[in-house]
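The block underneath contains the structure these notes are about, expressed in structure tokens.
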Amino acid sequence: MNDSKDAPKSYDFDLIIIGGGSGGLAAAKEAAKFDKKVMVLDFVTPTPLGTRWGLGGTCVNVGCIPKKLMHQAALLGQALKDSRNYGWKLEDTVKHDWEKMTESVQNHIGSLNWGYRVALREKKVVYENAYGKFIGPHKIMATNNKGKEKVYSAERFLIATGERPRYLGIPGDKEYCISSDDLFSLPYCPGKTLVVGASYVALECAGFLAGIGLDVTVMVRSILLRGFDQDMANKIGEHMEEHGIKFIRQFVPTKIEQIEAGTPGRLKVTAKSTNSEETIEDEFNTVLLAVGRDSCTRTIGLETVGVKINEKTGKIPVTDEEQTNVPYIYAIGDILEGKLELTPVAIQAGRLLAQRLYGGSTVKCDYDNVPTTVFTPLEYGCCGLSEEKAVEKFGEENIEVYHSFFWPLEWTVPSRDNNKCYAKVICNLKDNERVVGFHVLGPNAGEVTQGFAAALKCGLTKQQLDSTIGIHPVCAEIFTTLSVTKRSGGDILQSGCUG
């Protein structure tokens, strides 16, 4: 497509950002520091149930923030149980109040939404709650929720539209099921819940719902946590099952029917085996779909301006400077092909892009060795390669895996979950036993992983880990004493906190 044809002679803005999520807002605020005229277009298409939210994108409204807060609610429930062993006397049976939790979480989210609005205003970034769609070179149509249309032009555009939950395309899914977009503001307790999917979203939601006392079943098509280390994924699944979460494996729903309307009501789920003709039926109050997410790229006019997308996935291929095949259009965040779908990655990419475009910087976003955490009941933190990827990249004979179970001191008094927490480092034997994969399953896994991620960036070796003196008695010290290799088949069970 010829960019100059029909392009305006002058522009309304230096940069228009489509999407007011973490990445888009980070880029907007950074570009504004260089006295650039910046606009953010953000519009939330309501879910099939009508749920919508404010400025800030998935993470703040229907992702990391409410998820972590509800995970904390579940952890507090466990802490209350443990407290009896520490001398606390709880006279009454402790009950959980769903409505109070969601009200508190939504109040916090509302304060964040407002904070983003204020921050944009202070930085003189123009914000419009409108749906952006390209209509020609350097031109975009913004449509608000009343259908009013305005056309704006810009020298450059940044696509940061993110993703939304996928539906199954079966009878009753959009009519009767909820997604993570609905769950965190659900005005009633979901009751007996079926979670469909095995993504980190599915397992995190199943975990905190069970943690606050609900009857939870997870329906899994194939494997847990695809793309993550499968040794760790299976340990997570085992722990969840031991704590009362039921798993229906190798089944997919084929039909959702309403038996009784209400809040929550009753639903009948019919499911079919993925490897036989067997079908099953069961009743649930709520069905939560967490079967993946689709990029919001197909209805924003990209074909009009010639931006190429992966037709199968909707993802946008970009250069190492986040530039699409159309030179004046850039993209960041979850919509990028082959990149990690994580909030801090989008924020980093957005900031660095603005610094390169307007501040003379040459620093690019480093997508390697990015740490992340799955907030399942037993948290999983990781950085670098999974065991499978390490074998694929270096060969099984060229890696050494050091591992051990461990027992957090705080859990010894209530005497629970011994030899469930697990630590593993994967080393490249051909490169001075450099650590290429870091994995931890246990409490505060994110806090443990963050510091080690910096060490991995600096080229951490096993010898350096061994020469580091641990802090006692904490979970992270296990990484300074790992001595048993998987190859050896040696015993990795722990009998106490000092052994």
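In case you wondered, yes, glycine gets a Cβ from its N, Cα and C as well.
For CYS64, the partner cysteine in a disulfide bond according to Swiss-Prot, taken from CYS59, CYS177, is CYS59. In sequence order, VAL370, THR372 make up the list of same-chain residues 6 or more apart from LEU342 (FAD binding site) whose Cβ falls under 8 Å from its Cβ. Look at PHE228 (NADP(+) binding site): DSSP puts it in coil. Under DSSP, TYR200 (FAD binding site) is assigned to a helix (H, G or I) in the three-state scheme.
Here the candidates are the recorded positions ASP42, CYS64, ILE65, HIS472, and by Cα distance the one nearest PHE228 (NADP(+) binding site) turns out to be CYS64.
Remark: of the recorded positions ARG166, ARG293, HIS472, the most isolated position is HIS472 (fewest other Cβ atoms within 10 Å of its Cβ). The candidate set comprises the binding-site residues TYR131, TYR200, PHE228. Of these, TYR200 has the most other Cβ atoms within 10 Å.
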